């Protein structure tokens, strides 16, 4: 029973979602030549770092979690694990994860993990989430770290491919998070969390969602235009982006914002999973014959 509680406090659903993006970034950079020990070290290392961040987040948020329907049954809120024990647990997970990334992958992968961790725990959870409407924007940077870590674990350098991945996954986080804030509007309101839909209104949030999906669409295409992913990826990226944008635009006419937002959120998971899978299997070796070079 205790094992279940220690697992729950790490938010396994979030870990799993991040692993899909790590695999996408790693296999995109590997280009068919997979270093399996490096692959395992990277996956386990990122999993432990994400788990650590989630436990710290649970510790920090335990006061506001009590006020939200979605989070009122979390392990720390119910007192199933003491706050002191959770801090030790989170620290040990983090140390193990960072060591695996440093020694098993490379220092760059580790430092990217540190940056994502500091942004999520130190900047977002401790301050921005409670005090600023821009908390989601800052938090999106940490959410985009895993695929970049996976990519840089292979390359050992932060190149334009890594920058494109950072842009894709950061931009994806915004409509994804705003959709959650709309269908969980009352929860965020009750906990006094200043997310955009609560502070500026749902209609403003819909405008932001539309603009971020357009920016996301452009960023996804850059992987193919830059010669990192192939035409199959390009077709899937375009199809996913157009469909997601269509869903966003239909939001201006819906009668029930909550139902619409839940569907938009659900498709965001499908979209990012599809992109992660396609970049894993439809990679290209960058050379002068990229689509971008052909255009110019």
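Yeah, the Cβs are placed from backbone N, Cα and C, and that goes for glycine too.
With respect to the membrane, residue 9 and residue 73 are annotated on the same face, judging by the topological domain names in Swiss-Prot. Per Swiss-Prot, the listed range annotated as transmembrane segment is 79-97 (candidates: 60-78, 79-97). In Swiss-Prot, the feature transmembrane segment is placed on 269-287, out of the ranges 250-268, 269-287. Under the criterion of 3 or more C-beta pairs below 8 Å, with sequence separation of 6 or more, the transmembrane segment (269-287) and the transmembrane segment (79-97) do not qualify as touching, having fewer than 3 such pairs. On the 0 to 100 pLDDT scale, the topological domain 'Periplasmic' (29-37) averages 96 in the predicted structure.
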